[in-house]
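See below for the structure under consideration.
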Amino acid sequence: MTKDSLFSRPQKPVPPFEFNASVVEVFDDMLNRSVPCYRELIHRQAQLAAHFYQPKTRIYDLGCSTGNLDLAICSAMDAARPFELVGVDNSEPMLKVCRERMRETPPEANISFACSDIRNLEMSNASVIILNLTLQFIPPADRQNILNRIFQALVPGGILLLTEKTVHAHAGLSELQQDFYYRFKAENGYSQMEISQKREALENVLIPETMESHRKRLDQAGFKAVDTWLKWFNFASFIALKEKS
């Protein structure tokens, strides 16, 4: 695993963050050092995917990046249990790594990949859809339509697993959460310059919202059974169930 040092040198101006080949090379280290509870998140989501998967349906991983969750899902599925998994990302460098990692997958796994903007992706017959740290990079005006289409693509009894970086409606609590997040990154070896430059690079690229905004949007899409199953300061992971009629 290559260490993330993308922002270890002064950059003027700091370019906007993008998922290019340089980021892909260090992405796994970046995730482990920048996303609180990342390993637990992936481990439990894979178990949830295996639990809710219905025969002859699909699992979609929207924003699959380098395939960490997809590998975990393959491990979590019962032996000799056929399943279909579709990994989607709009970064071809990410998908290149993901495809390589998924070459030695179980024979019962039908795995495919699509290099696509999820706003244009056609989805259907899904029992599990995962949207990890992806919606936050989509313009807010487009987010409701994506969730509407996810709800329509799910079969009854299917689930959406949504993880996002969030902000708090209360300014003081939002600042507290940010401070503890930067403390977390510093404890994982990032310098103050790296933290500052990464924050600048993400400005207007990653646009977080409140948990209330996410819940309202999920409700409008049709999800009436929603829970926050994992939360760490300004990171939250939701499970949204499309109930059987």
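Here, residue 1 is simply the first one shown, and the rest follow in order.
Glycine too: its Cβ is placed from the backbone N, Cα and C atoms.
Together with Tyr38, Gly63, Cys64, Ser65, Asp89, Asn90, Asp117, Ile118, Arg199, Swiss-Prot lists one candidate of Asn20, Asn132, Asn145 for binding S-adenosyl-L-methionine, that being Asn132. Neighbour counts of Cβ atoms within 10 Å were taken for the binding-site residues Asp89, Asp117; the minimum is at Asp117.
Tyr38 (S-adenosyl-L-methionine binding site) carries a helical DSSP state (H, G or I).
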